[in-house]
């Protein structure tokens, strides 16, 4: 697929893209790549019951798989983002996807728990390259509509995450772990698409090379920026610890509490992840209109009533509540990321890497900690504890209102 969008000024500062045209072709391509990347990642989560059965894993070991993947991704993402802020590397996108492809092949062939951990680490490494650089591409193609661009980019990833469990239920669960190899085709398609995006990215870089850089002015004093970033990271902790409870253990919760089969439990997980994808579409554009702070406030604190009710709900209402929770909670990340990018203009890669990396790290840590709790108590207690996490959304009151017209 040829990328024919006209080159735009690189978004080193917000002002540099305000009059540029939004490149929807590039945004669509990077969103498709995000869909394929996160679909592949979600396969690991979706086949946890198969891995538990094949290797006789405890909940703690299942949490270790998530932790390995998330740490491989989270520790490298800020480094990749910081480095590529200084030295742009357009071709890192397809190269990173090659790590993901190798992890998929190893997962399909894995004969031990150690091999599964290594496969998770390889997929995580691919993710560490993909997310900061693709987020930068989304901002470059935004034409100044940063919230909209991030939502288009994010929704691809969330739809991919929701597709993973559904495809796993159809393609992998009935036949065994070896069928993971079929998803190598998705990785190859992603490499082709990312290669085309890299050509566009390279053209952007060549066009802007040698041009004087825009003066970057921080919108807030340093101490307020530090406070705001700290609060945003606490909110990321709240969101992704709770998300880890659903993505890693929701199928087990449904199977143990309500006696569902693996396939039916995975369909419930698909419904949750689909709601997450739908909610992602809302956060960015609404943040462009009314301000990121208010979207963040509503999306984190707004789910608290539903998370508090969830542990005591019937099967029907459990399905309904998790869909509502996923939809509302998902609108937060695009708003948080663009808010942080506006706090630290000129550091798009580092900010993207930091927040994607921290989000992944909290997801991995949450999976390990919650798995330990589930092993020593019960899976139901996990949801009773996590129900209170969205109350941390009250900290949003201390965020400065940085609304501005692009």
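Each Cβ is built from the backbone N, Cα and C atoms, and glycine gets one as well.
Swiss-Prot lists 1-42, 85-102, 173-177, 247-266, 316-319, 375-378 with the feature topological domain 'Periplasmic', giving sequence analysis as the kind of evidence. Per Swiss-Prot, the feature transmembrane segment maps to 43-63, 64-84, 103-123, 152-172, 178-198, 226-246, 267-287, 295-315, 320-340, 354-374, 379-399. Taken from Swiss-Prot, the feature topological domain 'Cytoplasmic' covers 124-151, 199-225, 288-294, 341-353, 400-406, and the record attributes it to sequence analysis.
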Statement: Here the stretch out of 64-84, 152-172, 226-246, 320-340, 354-374 with the most C-beta pairs under 8 Å to the transmembrane segment (178-198) is 152-172
Query: When only pairs 6 or more apart in sequence are counted, do the transmembrane segment (379-399) and the transmembrane segment (226-246) reach 3 or more Cβ pairs under 8 Å?
result: yes
- request: Could you tell me what the rest of the chain brings near the transmembrane segment (320-340), counting residues at least six beyond its ends with Cβ under 8 Å?
  value: 135, 146-147, 150-151, 154, 158, 228-229, 232, 235-236, 239, 242-243, 246, 250, 268, 271-280, 282-284, 286-287, 292-293, 295-296, 298-300, 302-303, 306-307, 309-310, 313, 351-352, 354-355, 359, 390, 399, 402
Cβ pairs under 8 Å between the transmembrane segment (354-374) and the transmembrane segment (267-287), at least three: no
- prompt: List, by number or range, the same-chain residues at least 6 past the topological domain 'Periplasmic' (316-319) whose CB is under 8 A from its CB atoms?
  reply: 254, 258, 268, 271, 309-310
Field: Within the predicted model, mean pLDDT of the topological domain 'Periplasmic' (247-266)
entry: 90
- prompt: So, does the transmembrane segment (103-123) come close enough to the transmembrane segment (267-287) to give 3+ Cβ pairs below 8 Å, pairs being at least 6 apart in sequence?
  reply: no
